[in-house]
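As structure tokens, the structure follows; a few thoughts come after it.
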Amino acid sequence: MTTLAIDIGGTKLAAALIGADGQIRDRRELPTPASQTPEALRDALSALVSPLQAHAQRVAIASTGIIRDGSLLALNPHNLGGLLHFPLVKTLEQLTNLPTIAINDAQAAAWAEYQALEGDITDMVFITVSTGVGGGVVSGGKLLTGPGGLAGHIGHTLADPHGPVCGCGRTGCVEAIASGRGIAAAAQGELAGADARTIFTRAGQGDEQAQQLIHLSARTLARLIADIKATTDCQCVVVGGSVGLAEGYLALVEMYLAQEPAAFHVDLLAAHYRHDAGLLGAALLAQGEKL
């Protein structure tokens, strides 16, 4: 059975056909509508899926935000603008006449990464460190989504009670410090206004402030991982995202995690999928996981 997988992100929409063999075929991409209106998103999704839907038997959506009862929510509703409560599942069912499921994109990516692991792993946590910090938890071989879709939003756990205000409304979240956006926001002086990519480049050139910002991010993530180990007793943590996979970053996280007591140590792995983990994870879940 072929799945029409869709990934809805803040800047792009992607879709592809994924067969039972897990191979991604006929991938297509469009920019996410800037207007944040239901009509614009529906039209964009229609244009994206119309060439593909005749070749699929079901639809699986991985989306930014919180998915609750098939609709789109967010920790900070202002981030969604007019898309708050957008009926993702109902919309795609109407557009395609196919059965449809929807899940948070980081949760979907966690499931894809879990399926790629070797060995007898039943408990793992996936963390993506990119513009924000998100994640997904697999416990006992099952992906945790929670009754309200919130499970795995580990970037919004507390890192520093005196830290910066996070977009979710809390103060001192991991995301506000460790994410690419958090790294850039903390930059001062000649680095003020630089994005995370530039800061990583400057760190590689020996810039002391840039190095300190990246170390702060890595140390914050290591402490989060220690907390996750204490909470879930997971067998491994998989780290992805543009920051998480940046050269030298995971080694820094490992260094800071090693400074924690031994009980909180856990194997760290780089993500298997650099791209399209959300697409693949949603399709894999549609093959047999009850959401």
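Cβ atoms here come from the backbone N, Cα and C positions, even for glycine.
Under the three-state DSSP scheme, T11 (ATP binding site) falls in the coil class. Taking Cβ-Cβ distances under 8 Å and a sequence gap of 6 or more within the same chain, the neighbours of T11 (ATP binding site) are P31, T32. Sequence annotations record features per position, and here Swiss-Prot assigns ATP binding site to 5-12, 132-139.
Residues or ranges marked as Zn(2+) binding site in Swiss-Prot (evidence: sequence analysis): H156, C166, C168, C173. In the three-state DSSP scheme, C166 (Zn(2+) binding site) falls into the coil class. Its own atom aside, the Cβ of C166 (Zn(2+) binding site) has 25 Cβ atoms within 10 angstroms in the protein chains shown.
Surrounding the centroid of the Cβ atoms of H156, C166, C168, C173, where the record places Zn(2+), the chain contributes additional residues within 8 Å, namely L75, G155, G167, G169, R170, V174, E175, A176. For the pair formed by G132 (ATP binding site) and H156 (Zn(2+) binding site), distance between Cα atoms is given as 10 Å, rounded to the nearest Å. Look at G136 (ATP binding site): DSSP puts it in a strand.
Other C-beta atoms found within 10 angstroms of the C-beta of C168 (Zn(2+) binding site) number 17, with every protein chain shown included.
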